[in-house]
Each structure stands twice: as structure tokens, then as C-alpha cells.
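J.: According to Swiss-Prot:
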BINDING   Cys23, Cys26, Cys94, Cys97  Zn(2+) binding site
DOMAIN    9-123  domain 'MSS4'
MOD_RES   Met1  N-acetylmethionine
Amino acid sequence: MEPAEQPSELVSAEGRNRKAVLCQRCGSRVLQPGTALFSRRQLFLPSMRKKPALSDGSNPDGDLLQEHWLVEDMFIFENVGFTKDVGNIKFLVCADCEIGPIGWHCLDDKNSFYVALERVSHE
């Protein structure tokens, strides 16, 4: 895996993503440039794996991540899927290869979708 780029290289003066956001595994485009806001929020994401293994919610292994792209409308995504509900959370996965979670969505907040910078690549 390539080293993560510094947020300053990825974030525009307006706080938006300068580059396209891609799946690390298959390269599928998740977000177009300029469509998400940089956000620092501490969120726990389970370890990366295929979608069926994510929806059972039984494995607590994962990472506490702080740097995310915040998307306020699910229709802004180019290529993202959602797991079944795990409590009041849906995890975001790549719609092509189904690896994830690359992000997180709380069902209590209809307008906040977080994509972890460490779980995606940029071009």
C-alpha cells in the first residue's frame, strides 16, 4: 500500500478534495474532485474485508480514524455501496469490488457520509 498523502496535498483552500477519491483495491472512482469536505472526526471502522462479512457486526477488530471526506448527499458518490444496518450505522463499501468499510454513515443523521482518507487512494 502506498503511503498516505498529507491532507494539505489533498485539500483545497475551500476545504474540498483536490483529487478524485478511488478504491484502494480496484481503482474504482468513489468521488469526483471537489465534491467532499475535509473533516476531522474520530470514528471507528472495522478492518477491511468483503461486504458479507461486514454486515454481521460480530468482529470488533478495526481502526480509530480521524481524517475523512464528508459527503452531505448520498447521490454525490460515483460508486459506493452500503452494508445492512449494524445498529444505527451503515458502512460504506466499494460498489465494484465490495471491499470495505471505506466509510461510515449514521442513520440518525441523514446528511453525513464519511469516507476515511486512510481507506481510499487519490488521483
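Positions of Cβ are set from backbone N, Cα and C atoms, glycine also.
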J.: I need the least crowded one of these binding-site residues (Cys23, Cys26, Cys94, Cys97), counting other C-beta atoms within 10 angstroms of each C-beta.
T.: Cys26
J.: Using DSSP and three states only, what is Cys26 (Zn(2+) binding site)?
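T.: Assignment for Cys26 (Zn(2+) binding site) reads coil.
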J.: Could you tell me how many residues in the domain 'MSS4' (9-123) are helical, how many are strand and how many are coil under DSSP?
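T.: The breakdown for the domain 'MSS4' (9-123) reads 12 helix, 54 strand, 49 coil.
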J.: Mean pLDDT for the domain 'MSS4' (9-123), rounded to an integer?
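T.: Averaged over the domain 'MSS4' (9-123), the predicted model reaches a pLDDT of 92.
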J.: Enumerate the residues of the same chain, Cys23, Cys26, Cys94, Cys97 excluded, that satisfy the criterion Cβ within 8 A of the mean position of the Cβ atoms of the recorded Zn(2+) site; list them in sequence order.
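T.: Everything else in range on the chain: Gln24, Arg25, Gly27, Ser28, Asn79, Ala95, Asp96, Glu98, Ile99.
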